[in-house]
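S.K.: Handing you a structure now.
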Amino acid sequence: MKNLLKKFFGQLQRIGKALMLPVAILPAAGILLTFGNAMHNEQILHFAPWMQHHYIQLISQIMEASGQVIFDNLPLLFAMGTALGLAGGDGVAGIAALVGYLIMSATMGKIAGITIDDIFSYADGAKTLGQSAKDPAHALVLGIPTLQTGVFGGIIIGALAAWCYNKFYNIQLPQFLGFFAGKRFVPIITSLVAIVTGIVLSFVWPPVQDGLNNLSNFLLGKNLALTTFIFGIIERSLIPFGLHHIFYAPFWFEFGHYVNESGNLVRGDQRIWMAQYQDGVPFTAGAFTTGKYPFMMFGLPAAAFAIYRQAKPERRKVVGGLMLSAALTSFLTGITEPLEFSFLFVAPILYVAHVILAGTSFLIMHLLHVQIGMTFSGGFIDYILYGLLSWDRSNALLVIPVGIAYALIYYFLFTFLIKKLNLKTPGREDKEVESKDVSVSELPFEVLEAMGNKDNIKHLDACITRLRVEVRDKGLVDVEKLKQLGASGVLEVGNNMQAIFGPKSDQIKHDMQQIMDGKITSPAETTVTEDGDVETAEIVAEGGAVIYAPITGEAVDLSEVPDKVFSAKMMGDGIAIKPETGEVVAPFDGKVKMIFPTKHAIGLESKDGIELLIHFGLETVKLDGEGFEILVKENDNIVLGQPLMKVDLNYIKEHADDTITPIIITNAGSANIEVLHTGKVEQGEKLLLVNN
């Protein structure tokens, strides 16, 4: 049960992170929509009549339409974003999600018997009935009349597309269908899954939609003030676990409804606010966004000042730099994790107080009828765009006095609790955690090492503020080192680690992935010549490293391999063997790095760092593993002469193009490779010598 909960939490983390990709598009869309609308605002035109010029107004219309089209197609963006996030960013998953979403929508429309006349008749009626119009069950999605599944439909098909990708991206098909093998198969299977999903949702979704509508009406209609308070508390409480993205998504994108001037239904607090901003009508939305501004712009920066003031005198300079950076980040952008995690683990009582104050902030903003939109977070940038530019309708100016009051509350409450309870906030620790001074280029290498190196990483990801890593053995993770490297906090849930590095988290993740893929070399492993050329560091010790023959047969030069990929040394230098037996043994002491799914090739790494590929036969990939038996697993340690693979040589001779087996050093770089043996060779005889 415990392991099941850990896996469930890990999946929730991945889904939460995946939702950030489409959400990250919204600030750009919001800026286009806001500025485009402002450029033909009557009040602004009164002060700047020159903006009434035809071309300026045309530009404003283009900007407004460009922003609006993003909000109109959020379900599609969520489908593609969810698929990309859960499939490791591979574009094929995004294409599969797009295809799947269109097919699912078309299937639901046909099964439910929805026509385009149903859509237009509702739109015409909505113009007459206004906001009293009944919630429609139908929608027009890219010209397809279908059920109104909103962003939930996008998330569902996006997750299914990602599952199809992860399951089938390396599938092998018979030779006559070879063109459709691998990643090309993913959109095809997703199409079939989408048809089934569309059929199921045709019957399941209507009662689910009724339930969501009833829940929305209950939360927003019965006691909205209490709902905003509870929303604020839960949203902040989920921040440490990285699950807040999942929680607020229904409130922002589904709950509530508004019929715009065109007669189209708009769902979700954030989307409704944008539609009302565009229509120029009084705001009724913003209840689930406005509450962030007082504590993000004023409260938390004041808390940072309190932490700085209570630090030991000899530590204030260091703490002051950290707190100033975190406070400015919170004030300007609304990214609060670097500051929140600085006291979350060392003084949880402060975070409890912060959570309660966040809930009251949402409540007070609602009671004062302050309604400000948001696309990114509640910082000063969003405050200008979605508050001050519409101050006459949003009551945005009230944020300033309320924010000042919250700044005073945060400062004095944090000061009191820190002193009264002797909390070990930054700068007050009994044992000082020394920061490790590393360069930007060295940081991802250091973080990777602190996570237990690449063999310990099962899944690597990141969102706006945190590095999310699923490890195989969390006992290998050096939490203290991560903090020394700049993580303001490290959260552990099962084997899921979250290191809070702030806005640079995604770049660290990108660089770590590049390192793990062998695309980035450590600065410590490179030297620069006087001519400015970069040389790879030595991969073997002085005296060279010997590679022994893994197969008995005839050793020949690579130029004799009837495949240009190998004969032209596109994959690296080495040698080839025409096998006489079907046994393959380890050519050195080291580790198994990779086993191809079709079992025809195996990648090894020696203790000296030599990476070797043994590719048995040519065009053996099409055999789909038939005739091959692998005797080891990935990440197994191996010793010289250990059996790695058994091959049915007669079967390979009959069904493959050739049995000749290239043995390639894939990371030789500028190293010198000397052939020690050609002609007849026995397993275990010296075959190659690698020298720097």
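FYI, residue positions are counted from 1 along the chain as it appears here.
A Cβ is built for glycine as well, from the same backbone N, Cα and C atoms used for every other residue.
Per Swiss-Prot, the feature domain 'PTS EIIC type-1' maps to 6-430; the stated evidence is sequence analysis. If you look up Swiss-Prot, you'll see 15-35, 84-104, 140-160, 185-205, 215-235, 287-307, 318-338, 344-364, 370-390, 398-418 marked as transmembrane segment. The domain 'PTS EIIB type-1' annotation in Swiss-Prot covers 441-522. Here Swiss-Prot flags Cys463 as active site, phosphocysteine intermediate, drawing on sequence analysis. The active site, tele-phosphohistidine intermediate annotation in Swiss-Prot covers His615.
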S.K.: What same-chain residues lie close to the transmembrane segment (370-390): Cβ under 8 Å, and 6 or more beyond its ends?
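M.R.: Tertiary neighbours of the transmembrane segment (370-390) are 26-27, 29-31, 34, 38, 270, 273-274, 277, 283-287, 289-293, 295-297, 330-336, 396, 398-399, 402.
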S.K.: Using DSSP, break the domain 'PTS EIIB type-1' (441-522) down into helix, strand and coil residues and give each count.
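M.R.: Result for the domain 'PTS EIIB type-1' (441-522), in helix, strand, coil order: 35 helix, 21 strand, 26 coil.
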S.K.: Under DSSP, is the residue listed as 'active site, tele-phosphohistidine intermediate' helix, strand or coil?
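M.R.: SS state of the residue listed as 'active site, tele-phosphohistidine intermediate' = strand.
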S.K.: If you count Cβ atoms within 10 Å of the Cβ of the residue listed as 'active site, tele-phosphohistidine intermediate', leaving out that atom itself, what do you get?
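M.R.: Summing over all protein chains shown, the residue listed as 'active site, tele-phosphohistidine intermediate' has 24 other Cβ atoms within 10 Å.
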